[in-house]
Amino acid sequence: MNTKHPRKAINFIVLSNMLALTVFLISWQVEQPQLADLTSITFLIWLTLVIISRHGGLFDFVDSKLSAGMGCVVEFAALIILPFPLFALSIVISCFVNIGFRLKEKHPEPFTGPDFNASATIVSGLLGYSIFREISGTSPDSELLFTIALLLEMLVFGITRIFLINTLISLDEGIAWKTAPVIKVDTVSSEGILLITGAILAITYLYNPYLILFLIVPALLLQNLLQKANSAELIYIDAKTGIYNYRHFDEKINELYKKSQKNNTSLSLIFGDMDFLRNINNTYGHSTGDTAIIAVGKVFKQSQKSKFTVARFGGEEFVMLLPETTKAEAFCQAEEIRQNVQNLDVRSEANEKVSLTISLGVATYPEDATDIHSLIKTADEALYEAKRKGRNRVSLYEVAEAERAVLATN
């Protein structure tokens, strides 16, 4: 099985982080904020708001899965209120708070996510901030220029953020940039509404700081209601197959693992990897390969019981989480998936029947693993064993077989 994220996606994250760090350091050197700025009431207020709004996992009233919505509102308001170096500092501190909480919770990927979100916000913020200063600075007392500058700042900030996030998703999910979910009309419209709300929040604060209390508290409560009603947010759905993507799987496995620990129940994991997808692409074309991926995703979706969770892990890889399910029961579920995939009637554009199979690996917590990391690792090793034995089969994780596989590679 491949790594969780394609190398292109990792490289893009690293490049974004380096760019954001460079921007942060240069802005700090140019404007040179003083200690009084760092201890000012305004900075401390907005730093607190940014942390609360962006990092929901630290506070029960903000759901971390969808806290990006409220985060967008507060971060854009902070960009308007604060000098850019202090804005960037608030984003960096919020990022470290998020990472610290993830480390405490033993999140499988404590750094990936918070770092890119922070980088995208800082880079977008610099471009928007620069436009605003350039235009409004020509006539500081002009309300018309201030309004135009604010509008352009909002457009530049929003478009840049959408571009960066959509690019990462397209690289991570292996889909075309234009089909990634962030540039869809509903998503772009939502982003625009959030930024307008952020601008209103900032203007309200500039007029009378105390008035934000009438906006922030209801906004947080509304955010909580929206999160509960919209737990299947678009960014958690794989655009190609219509099932959940890796992001949802990442959060769900943490949630189910904690429940298994608390209730002393089993948690099984099925890893599936389509056999010879590259050959299908080379022989029949990528459109047929996409059709095959969609068909397999449909099999996984139709095979899940009410308490199970299926997701596209990436590329040709699929996963199923089975709480309160024994290893034997998970094996039966995986075998059903294998047979259904083998029986698929996938046709090429020339109406040729495409031979399609899948290999699957099964592992169970706590029988085969002590934590999330080892559960994923053992399911991955079981999948490797299925591939090694000839593909188109289900393999249970067995310690002896895993040891033999390691020895065979040495």
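Any Cβ shown, glycine's included, is placed from N, Cα and C.
A TrEMBL annotation is a machine prediction, not a hand-curated record.
Quick caveat, the model's predicted, so the values are computed rather than measured.
Now, the feature entries from TrEMBL:
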type	residues	note
DOMAIN	265-399	domain 'GGDEF'
TRANSMEM	9-28	transmembrane segment
TRANSMEM	34-52	transmembrane segment
TRANSMEM	73-101	transmembrane segment
TRANSMEM	144-164	transmembrane segment
TRANSMEM	193-222	transmembrane segment
Subject >> Ranked first among 9-28, 73-101, 144-164, 193-222 for CB pairs under 8 angstroms with the transmembrane segment (34-52) >> reply: 73-101
Subject >> Interface-richest range of 9-28, 144-164, 193-222 toward the transmembrane segment (73-101), CB pairs under 8 Å >> reply: 193-222
**OP:** Using a Cβ-Cβ cut-off of under 8 Å, list the residues of the same chain that are 6+ residues beyond the ends of the transmembrane segment (193-222) and lie near it.
**Re:** 42, 45, 49, 52-53, 61-62, 69-70, 72-78, 80-81, 150, 154, 157-158
**OP:** Could you give the residue numbers and ranges of same-chain residues that sit at least 6 residues beyond the transmembrane segment (9-28) on either side and whose C-beta is under 8 angstroms from one of its C-beta atoms?
**Re:** 84-85, 88-89, 92, 112, 115-116, 118-120, 122-123, 126, 164, 167-168, 171-172
